[in-house]
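First the structure, in the form of structure tokens, and then the observations on it.
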Amino acid sequence: MKRHGVCNTSGVALTRYSERLRFRTTHYGNGNMATSHQSCCGRRLDFYTGPGKGWCFTSLLPVLRRYCSASSSSTTAVAPVQAHGEDLYVSHYAIPEDAHRLVGTPQLLPRSPAEEVAFKKSLIKSFPQACIRNVSVVAHVDHGKTTLADAMLRFSNLLPADGATGTFTDRLQVEKERGITIKAQTCSVLLTLRETGTQYLVNLIDTPGHVDFQYEVSRSLRASEGAALLVDVRQGVEAQTMAQFYAALEQNLTILPVLTKMDSVMNDAEVEKTLLQLEDSTGLLSREAVLTSAKSKQGIEQLFQHIIDKVPPPRGRAGFSDMKQLPIMHADSAERKQMEKELVPLRALLFDCWTAESSGMTDGAASAPASAATSFSSVSSGTVTASGGQPVAREGIYGLIRVMDGTVTPGTMVTFCHSGKKHEVREVGIIHPTLHPTAALTAGMVGFVFFPGLTKRDVFIGDTLCTLPTRKHTVRVGVSNIPAAELGTEPTATAELASSDSFAVEPIPGFKTVHPVVFAGFYPDEGVYITQLRDAVDLLCVNDPSVTMEQLQCPTLGPGLQLGFLGFLHMQVFKERLLMEFGQTVLVTPPQVQYMYVEQHCDPGDPAQRKPVSVSNWRWPHEGVGAYLEPFVTATVLTPTQYFSEINSAALSSFRGEMQEMRVIDDARTLVRYRMPLADLARGFFSTVKSSSHGYATLEYDDLTYMAADLVKMDIVINKARISALSTICLRHEANTHARRIICSLKENLLRSSVDLPLQALVGSKIITRETVKAYRKDVTAKIHAGDISRKQKKWNDQKKGKERMARRSVGTVTLDQSVLAAAMGATTAR
């Protein structure tokens, strides 16, 4: 009977053991410990050395071997193990029950310099790149990515087998409430092939499926060599399935076709139809597809085997990257000089960041199952090789990196290529399945680093982290053990140190710059300072780098922020995260799409000559504008055939849609594509599709282009004061309709006062709609019961003159409750 054990820097052991075992732990000094286990079949001792002190069990090993060889009744198994990423030794012994009487207290001796060097190198060689696999799980919305990822973690004994499914990798509260994946989450799994005994490190990245979070998917694919393309066996290939397939194909990844929810299949014909559809759409061979079910655990083992067999290992140069990672040696020693020559400049891709406040990493650490032993034919589960738990909240930023070349350890001084600034790494580790610190991250690994002094201004997602070499060092294609033909045209690393201390590092190709397509103003709730909202948005933007932010100043609502998003769901999720994670209740203005304009005598078809225009920087044609441009998208709707007629009628008549393609997928489903203004899609087409199809239809949009449009800016004036929060950009022929809705909403919700409140909608200087909120009037003639009518007229005239004086004093002064503004803003999105 064997057990795996680990020891971290504080001397805490994280063990997975049989239920029959009883254990006792004894500490020896700082960070050193020995653990003895006893069972009904005998006693076994596992000994550990702590990190940082250079200890070994040199004196203990001869005692054990001498006793075990002298005992004829003992079964001896001596197997030193170096746990990956931990500065420790783990030794396993199966010895008789009375062995503890002869062992006594182990004598801990310092390692020799040669042993220290060998031990440091073992950190690098414990997981060679050939035994690492990085895989992203991609699919359409609700095709079972998160549920399957959870099943894979439970199969690997990282999560309890009897726990709730489909919840662990969805760490954010908004993800759990909406039932969708918003943030890509990473988890490292250790697997051991039973036939060869080779241990593999598999990094799984669970990605979102909605188009609004495609930026999360693209970043995850950049850190992977393979992609598991999931398809719901009942739903088949859908719009976002193809989008994810092309994204993985663009990154030249190995794509593994996987069918999910096999437990819901009624007959084999349904499976064959989906496999044929997948092969026709993507070209992936149907015989290579893995049939899985997270509910019944079908195909999980086969999927792991496919990942190990078919996904290529990462490429890059392994080795130490910093002199601090080397053991202490004499500065003039030949061995030190030789190790300096073998230094490999660090290159790591930063593809995600978070703070302690804006991540779900502290939520629900998984409890270890009772037994780590998993019995299956070809792949046996690995064990936790790093201790850890829930991270404590602290100042700083966590970064998720993929190490391309070299090694990063705590204390490594890394340089951010984008800003050129240096920052020290305080902690490194893997996510297994929560944050577990390790001693190093080597080439090919995916893990986290913690920077205690880093701020949002210093972070650029997609940046390259590197180390400055201490000598002139150039690494080019073909100099490593990997042939140049396999590396392609991209150099592995290039780092040169000139006499002027300047350096050049070949940056890792980052991510495409994303441009927001939806903008909205965020204003703090009544009684909340703008600084609190700004700080919360800053922290959240660390975890969501696709959001843009600008300062706003509204005379009615006060200071606020204009935020840009990748879609409408993205905006709603961001608002919910502000409330759930930071307690910030905000008033959100109606979403506006990004309009453009070109100056006179400029080509509207040239993207370089387009300039953004909004209500805050609006320019009229007489101010040099040649043409306004409106964003159009291709909306793809996949709907049950019985709902197609109603959806098509609404798209053509109410949302300015133009049908481009209609295709019958099968007997029950129809796919249709429309060319549609993004503004109309924002004003309710998505809701119309969902309500008309009772939630069965799906809608995705992409292919953003700009076309000429006759746009105007419409302002709302209350008591001769412009309300900038209600200003909007719309088509000229729709201005009257939008104005009437807003003015009527204001008239219904505004409280009457002692003076009349004129409500006006203006396009330029022209009033297109006007209403008046009548004032309260006191009955000044209540005490006049008889006499000449002129007595009453005199009172009425005096009252009228008094109200005119009050109106002159109150011009431009109006106080609006946020509920009134919210109702008016809701009227702008009504159809």
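Each residue's number is its place along the chain shown, starting with 1.
The backbone N, Cα and C atoms fix where each Cβ goes, glycine too.
Swiss-Prot has this to say about the protein:
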{"type": "TRANSIT", "residues": "1-68", "note": "transit peptide"}
{"type": "DOMAIN", "residues": "130-315", "note": "domain 'tr-type G'"}
{"type": "BINDING", "residues": "139-146, 206-210, 260-263", "note": "GTP binding site"}
| remark: Judged by other C-beta atoms within 10 Å of its C-beta, the most isolated of the binding-site residues A139, M262 is M262
| said: At a 10 Å cut-off from the C-beta of D142 (GTP binding site), count the other C-beta atoms across all protein chains. | reply: 18
| query | Taking the Cβ of T207 (GTP binding site) as reference, which residues of that chain separated by at least 6 in sequence fall under 8 Å from it? | reply | S136, V137, V138, K145, T181, A184, E216, V217, S220, Q244
| note | The answer, for which of the binding-site residues K145, H210 has its Cβ ringed by the most other Cβ atoms inside 10 Å, is K145
| field | Integer mean pLDDT for the domain 'tr-type G' (130-315) | value | 84
| DSSP three-state assignment for K145 (GTP binding site) | helix
